[in-house]
Amino acid sequence: RGLEHQSRWPERLGRPSVARPRPGSPLVWFHAVSLGEGMAALPVVFHCARLHPGLPILLTTTTLSAFKVIKDLLPDVVIYQFAPLDCPDAIESFIGYWKPSLILLMESELWPNLIMSAAEKGIAVALLNARMSLKSLNRWSVPLGLPLVSLMLSKLSLVIPLSTIQAVRFQLLHTPPNKIHFAGDLKYAVGDVEVREKELNTIKDLQRQFNDRPIWMAASVHRGEEEVILRVHGELIKAYPSLLLILVPRHPQDIKNVSLALKKHKVNFVLRSTMELVSINTRVYVVDTLGELRMLYRVTPIAVVGGSFLPSLSGHNFSEAAAAGCAVLTGKAKVSTYLSLHRFFGQIRAYRV
């Protein structure tokens, strides 16, 4: 379906494409399933590389979109591979070759075969930015699921939950309390990742194109939400005629629908991928590229985070926008996964619904 790399798919079966550095030495394996989790892992990866310059570090992801972006952001000392499928043969082949001393999983990556295999081999496994959606909690809580998940969680050496609510959910699934520790949301550490010269030049170029116009951004916009955003933008332009909207769809495959909506509303827009310059007549700047959200938060003072304007959606983590200094707004959709984040920012009046 275009979701697997054409030449690197053997890595998904546990077959390496590069040699393991320093055989016999310790190795740390970070795993993040997709682009968002991979970006959240980067501060820890960079910090680990700085603290232990000679330590081999392996980072795996699952999605093609993560591969396209993250491979170019990693320090030279970090090896990138696609993650093996969570089936016994692939996991045994992968672990047997790389022989990690420590495995760090991001967010909600509970892989039964991986966790049990690592435990049998005495390899420590930690879950960072750990989160459990209400739907997953209910699914695991059934009589057939609870023994399996509680066994898996008992094998973890460390769980760092995203929030106190997440900590409670993991305890409800019988995670040993002494294994749960707090360190905050890793997406707040986005500023700890070095801003590369290319990214700085892109920021400066966009600022020149935007030419001091008032700007707001709608990020992680799901299909159907573009209609809400465009109606609001139309009203705002009446008060701020030179206002520019940066529109970032959640999924690149939704660009066609976004373009059709813009044409329907007769809005002058440009696509980032075309490298067309923003003119005074441009009303919407559509970002149809991957992995640039962190950079774009640095050029807008206001960020509206999508996934929150339709009843079927459950919101997104907006801490990355807040860490970049944006004023954050969301819709009123259910936000069960990030409820404590919303409450905290609401208490300090740092965002609005």
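For all residues, glycine too, the Cβ spot is worked out from N, Cα and C.
Not measured: the values here are computed from a predicted model.
Now, the feature entries from TrEMBL:
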COMPBIAS  1-14  compositional bias 'Basic and acidic residues'
DOMAIN    8-189  domain '3-deoxy-D-manno-octulosonic-acid transferase N-terminal'
ACT_SITE  E37  active site, proton acceptor
SITE      E107  site 'Transition state stabilizer'
SITE      K187  site 'Transition state stabilizer'
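Rounded to a whole value, the Cα-Cα separation of E107 (site 'Transition state stabilizer') and E37 (active site, proton acceptor) is 7 Å. E37 (active site, proton acceptor) is surrounded by 24 other CB atoms, counting those within 10 A of its CB over all protein chains shown. The 10 Å shell around the Cβ of E107 (site 'Transition state stabilizer') contains 23 further Cβ atoms across the protein chains shown.
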